[in-house]
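Heads up: the structure comes next, in structure tokens.
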Amino acid sequence: MTANDADPVLELEQLRVAFGREEVVRGVSLAIAPGECVAIVGESGSGKSVTARSLLGMAGEGARVEAQTLRLAGRDLRGATEREWRGVRGGQAGLVLQDALVALDPLRPIGREIGDALRIHDRMPRAERRARTLEVLADVGMPDPATAVRRRSGELSGGLRQRALIASALALDPPLLIADEPTTALDATVQARVLELLAEVRGRGTAVLLISHDLAVVARLADRVLVMREGRVIEQGTVDEVLRAPREPYTRALIAAVPAEVPRGAPLSRPADSDANATAAQTPTAADRAASREGSPGSTPLLALDGVVKTFPVRGGGRFTAVDDVSLDVHRGETVGLVGESGSGKTTLARLALALTAPDRGAVTLDGEPWSALDEHARRPRRPRIGAIYQDALSSFDPLWSVGRILADAAGGAPGKGAGTGHPSRAATARRVAELLDRVGLAGAVAGREPLTLSGGQRQRVAIARALAAAPELLVCDEPVSALDVTIQAQILDLLDELQRERGLAMLFISHDLGVVRHMADRVAVMQAGRIVESGPAERVFAAPGHPYTARLVADAPRLVH
Amino acid sequence: MTGRPAGTGVPAPGRTHRARTARHLALLLGGAVFVLWAVATLTFFAIRLIPGDPAQAILGGPGSQASQEALDQVRSDYGLDQPLVVQYFAMLGRLLTGDLGTSYSLKVPVAELLGAQIGGTLLLAVCSLAAAWVLALALSLWSTGRGRIASALGQGIELVAAALPHFWLAAVLIAVFSTGLGWFPPVATGTPAGFVLPVTTLAIPLAGFLAQVMRESLIDAMRQPFVVSARARGESALGIRFRHTIRHAALPGISLSGWALGWLLSGAVVVETIFAMPGLGRTLLQAVTLRDIPVVTGVVLLVALVYVVMTVLTDLVARIADPRLAQEGAR
């Protein structure tokens, strides 16, 4: 452990947590000094969250927790009773979770949620409690705390409600703040502000334990990093040591998987346990890419949006303009990235491109022919030309259908319909399903499973296979990797990239993550409040933003190296 | 609520919120008036389908052997010789002035008759509803979050309770607590003790229903991240239940309560008869047997009115318990 002048707030040695026979944390040791931020990074299932919750005696039902040392603020917490833990929670350590919309009781005003911590731990008079609530809200940068205390989490913006959640954890000024994915649900600019707030909290002398899957977030806030995998700390050191000179292959794979600085076309994923550089040979040169792309200005774009406007009625009169006079072309073989914060109209634009909703004004054309203007009956035979991939693959599947049935259905061969009905035979369909699964890197046996039993990455692969089933010319991808771990994200992005090259697909790639878009897109369009404020070649837009909004997005985007 | 300084970024409920609530209320009231009109109209025409001559019923039923003159006299007195449409509008006109007509069999104004009976029935229904809520909350709070056995037991109790028919339950309760143990009288005596068995009879099946719904949302609420946040703040298990999850669990119960009261009123017909209690249910039963059309119409309208009032009330309570409802679609 690194030596610190001050006594550490938290000392943990050889923490082990098991559920039944399965050990999920296998000997984790760490110490945090006052005013220090230690981060634990790792992918889902690495044991990082269980480690954090064990520090609050909240490892979970049926958990067996053992440690050689577990001292918080000088107090030995091994074998603490539930009653003693209750004194620790909130008083000695505060917890900040991911999404304040649900991490604060949506039925109660935030003032009461914050006041609760004060009420539980010392029986402060009401007036004093209110004063402290306002004070702590002001501390976290909440504008107009006196009004804010009466708002519920659902009435505040994402950034403000996250501040309220942080305030509720800090109400008693605990020496340790545990932040478990505190900014994962936030837009980049809001995330940057919340990270600044956490840095400020650390600056006031609070020890911060940051749990994150996002190396860029860690790079911004932490002093030291622990990399966890399968319940063990496999590497640790200062942020610089770990991020600039990682020793472990797994850490290197994690870092390599972050798409932010990786050039277009270069693969992100590589086997974690080999140092193979062999993949470099496959990286296409810019010339290859240009050659593979027929779509140059002048030829007919595959998908064209022309002056498209879409509004929605707002209760209480008036209309909300979700997409405001947007024109955008996608050529064959090209990826157009669409970036913007939540609520900027990206998803509405995707729905317009898919003709799932009709524009109020303007038109969408497909390969020079009317698309949005057709009636659904005429459009249906052409729908296979566009495939769609969404963020939440699971909810886009019928949970009662097997993967095989999902794919067979998408390929047009409904099971049970034999030859002579115009449908492919059962055997041909089965072959097609196996082919699709193989193409997206899944075993044939997956065909027999239900989506619920698959991992997030597998589900997204099935979603891609489904999108490919009808042999589309264009893929509309709406946040296709936002719900995935970084190494899985890297594999999926590589797969999409490969498929595009192989089939000359056009792609409309929508993401809030600038790094992902920068890695994937040839051209980008930046959307703000329903309008495209800037567009152009990806490298140019990100390197030299022409619009202040783009510049702000780029500046706030988390990256590994500052 | 006070006004807010401009440009704070924190939205305050303002005029638009109140306007929305007012508009919502106006819609509800309009709907209520429509429902009452529809019920009155349906009842008026449906009752013409009951076989038998109303004039006969007025004169004491078919056994009375009333003379033709007497029948004619009654028909003209009650306007039964008028065309149906005229009778219909005459009824609507009377209803608008609050006149429900006169009972054929008892020869007293229906309003008076119902006024004397409604109190007892409403008291029975409201007490049963309250008892059902207490039972349902207790059962679902007790049986969730404490292991599989408690959960299975709770679910079993709910299922059986919800399936119990009133007449059977009443008979069993009387056999055990009245005939057997002698704790409570078998008929309503007008004392609190006489009230216990009828209320229990009505409350148990309803509690089963309510608990089933509340358990679901309670389990759902216990899984939410805000429960983790509350625990991490040092909140006790009891505090989490009473300060957080119970409110989430109560929401569907609240929306069901309007329906539940209507259901209890129909249950009251059975229960009042079994326990020989004076009340709306028994009045209705007698009126139907005697073809006392004005009384039947009156009871049906009154029940519809109670139903409508209750629906409006539950809607308002639901909006207080879950402020998100009032906000819905605001953005």
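Glycine is treated like the rest: Cβ placed from N, Cα and C.
Keep in mind that what you see is a predicted model, and the values were worked out from it rather than measured.
Positions annotated as domain 'ABC transmembrane type-1' by TrEMBL: B:118-318.
Residues or ranges marked as transmembrane segment in TrEMBL: B:25-47 (among others). For the transmembrane segment (B:25-47), the residues of the chain that approach it from at least six positions outside its boundaries are 87-88, 91-92, 95, 293, 296-297, 300-301, 304-305, 307-309, 311-312, 315, judged by C-beta separation under 8 angstroms.
Annotation comment: TrEMBL describes B:114-139 (among others) as transmembrane segment. Within its own chain, the transmembrane segment (B:114-139) has Cβ neighbours under 8 Å at 100, 154, 157-158, 195, 198-200, 202-204, 206-211, 214, 246, 249-250, 253, 257, 260-261, 264-265, 267-268, 271-272, 277-283, 295, 298-299, 302, 306, counting only residues six or more beyond its boundaries.
Sequence annotations record features per position, and here TrEMBL assigns transmembrane segment to B:159-183 (among others).
TrEMBL lists B:195-214 (among others) with the feature transmembrane segment.
Taken from TrEMBL, the feature transmembrane segment covers B:249-275 (among others).
The transmembrane segment annotation in TrEMBL covers B:295-318 (among others).
Remark: the transmembrane segment (B:159-183) contacts the transmembrane segment (B:249-275), by the rule of 3 or more CB pairs under 8 A. Sequence-distant contacts of the transmembrane segment (B:195-214) (same chain, at least 6 residues past either end, Cβ-Cβ under 8 Å): 124-125, 127-129, 131-133, 135-137, 139-140, 154-155, 157-166, 169-170, 173-174, 177-178, 184, 186, 188, 249-250, 252-253, 256, 260, 263-264, 267-268, 271-272, 274-275, 277.
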